[in-house]
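Pulled from TrEMBL:
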- 69: active site (ACT_SITE)
- 128: active site, proton acceptor (ACT_SITE)
- 94, 96, 128, 154, 346: Mn(2+) binding site (BINDING)
- 180-269: domain 'Peptidase M20 dimerisation' (DOMAIN)
Ligand SMILES: CC(=O)N[C@@H](CCC[C@H](N)C(=O)O)C(=O)O
């Protein structure tokens, strides 16, 4: 019965993915669901497009926080689901529909049978960008209910259903977005000698930037430089006066991140000369690495096993998460929840198995009830 209800919630949310800070329908859905729960121990606030729900514990000494991110991605869905996104060009391709459903499932169980400690459920906007965690953390609404400990999960397509993975210390990388604009002299395709072609400049830049990780970053330091999007020009027979590349930088240390940015800037300054153009760089949002407080991991492993699921001690990943900002300020941790999808995160065919929803609810509920007792 509960499984059917969780599946329905997930499917309803899956249909309405919205980008960061535009999650109006998602927020309305969450509020409607929360309003239908037993209200005796609940307090609800909104912040921007997010929602905060505080549950009074029965004999509290502390507050434990649980955070779920709520935004979707600008990806066109290709799952073939009959409950696919009805928002064109938007998809829950990072599993945030699962994250919200699991939080609602755990919230329902705790609203019906409140735990000893106080609980704060955090439904946070804009994880994929521009980043909702930091401003939410600094908001009056959050500060008034600030928890002593906080945790969160992320779906893991490569792990089987029933597996929960975590580690002490660094789980996710530092990230920085990367937006670079190239501006030069465009013109007729037949007169290239009179122009400074920005498609050519951007292409050279992308190829040369590949040597930053392979030739500047020390070989034992993990680093990623990905260009995910390139755009520019007007039409096939006009030489482009503008091109733009959009990407992301990932590292485990602040020094490596600085080194990559430094090399990008040097490369850009050399290319301004060689391609006779103007290059401007914007690093967009930067996320702090997700660092799990080591002391919580052994008790969490025990809770997972006691709940009947398997625990995996995993390696750190180059994914990013603005939850890193919350963990910088509040002790806690993040874990991976196995959802066994053949297609990975940020793909148009991500198909997490819905049997994992109840696993998530069980683990989140058990952690809230037992971690601090
Ligand atoms: C878990 C996950 O996939 N998170 C995103 C976070 C995006 C951060 C930012 N927009 C960037 O691209 O640097 C990820 O891409 O890892």
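Backbone N, Cα and C define each Cβ position, glycine as well.
Keep in mind that this is a model prediction, so the values were computed, not measured.
Feature map: TrEMBL annotations on the structure.
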residue : record                       : Cβ within 10 Å
69      : active site                  : 27
94      : Mn(2+) binding site          : 23
96      : Mn(2+) binding site          : 26
128     : active site, proton acceptor : 22
154     : Mn(2+) binding site          : 25
346     : Mn(2+) binding site          : 15
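Proximity to ligand 1 (Cβ under 6 Å from any of its atoms) holds for these recorded positions out of 69, 94, 96: 94. Mapped onto DSSP classes, the domain 'Peptidase M20 dimerisation' (180-269) shows 38 helix, 28 strand, 24 coil. Across the fold, the C-alpha of residue 346 (Mn(2+) binding site) and the C-alpha of residue 69 (active site) stand 15 Å from each other. Those same-chain residues not listed among 94, 96, 128, 154, 346 yet with C-beta within 8 angstroms of the centroid of the Mn(2+) site C-beta atoms are 69, 73, 92, 93, 95, 127, 345. Taking the Cα of the residue listed as 'active site' as the reference point, the closest of the binding-site residues 94, 96, 154 is 96. Mean per-residue pLDDT, taken over the domain 'Peptidase M20 dimerisation' (180-269), amounts to 98. Residue 96 (Mn(2+) binding site) sits 10 Å from residue 128 (active site, proton acceptor), taking the CA atoms of both as reference points. Reported as a whole number, the C-alpha separation between residue 128 (active site, proton acceptor) and residue 94 (Mn(2+) binding site) equals 9 Å.
The residue listed as 'active site, proton acceptor' carries neither a helix nor a strand DSSP state and counts as coil.
In this structure, residue 69 (active site) is part of a beta strand by DSSP.
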